[in-house]
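Notes for the one structure printed next.
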Amino acid sequence: MNKREIARYIDQTNLKPYATKEDIIKLCDEAIEYGFYAVCVNPYRVKLAKDYLREKNADVKVASVIGFPLGATPTEVKVFEAKRALEDGADELDMVINIGALKDKDYEYVKNDIAEVVKVAHERGAKVKVIIETCYLTEEEKVKACELAKEAGADFVKTSTGFGTGGATVEDVRLMRKVVGPEMGVKAAGGIRTYEQALEMIEAGANRIGTSSGVKIVEGAPDE
């Protein structure tokens, strides 16, 4: 997989709480230069990223995060956050599942929590990725989380926030792909810093990579 091809898998990410305006502009410039699929930024920075990319006439989507990084806010709060991010120009929303509710086996709540965000996103033509935060889940819970995300109409399942105790693993990506089937997206995120790691995730079934190391990944890829 060459530089140009792997770049289209990448959501170049800066979710640091202390990211400045300058940092976000740099992120957008990298996305333009390397041809990344999207930039992923905190909700407060969506408008800045969208306006800048639009001004540059760039073919780069803007993703943002909802209920991040804990997933423990009430559904109404996630919906409000989603609406605001969409108004500011987000094309994709990476929302965190309610992990505690999943562990309580309150599956109706978990599914509805996702479905409500999906509803507002799809009304505006935006996609939703559901972060299941694999590092906190048993195998059984990972399977259930993927099933609920699929039933709720989400577009992707995603491994990790990058703020938990662990990131993406090849095993988790493979399992998630097996559960959701070919028609849904799988995003691997958390700890992916090299071309080799990214390629492993893609071979395991990921069709999106979330990373703050997109430049390093592309530079490690063959030219052709």
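Backbone N, Cα and C atoms are what each Cβ position is placed from, and that goes for glycine too.
Among the features that Swiss-Prot reports, active site, proton donor/acceptor is placed at Asp94 (among others), with the record citing sequence analysis. Mapped onto three states, the DSSP output places Asp94 (active site, proton donor/acceptor) in strand.
Per Swiss-Prot, active site, schiff-base intermediate with acetaldehyde is recorded for Lys158. The Cβ of Lys158 (active site, schiff-base intermediate with acetaldehyde) has Asp94, Lys129, Val130, Ile131, Ile132, Val186, Lys187, Ala188, Ala189, Arg208, Gly210 as same-chain neighbours under 8 Å, each 6 or more residues away in sequence.
The active site, proton donor/acceptor annotation in Swiss-Prot covers Lys187 (among others) and rests on sequence analysis. Classification of Lys187 (active site, proton donor/acceptor) by DSSP places it within a strand.
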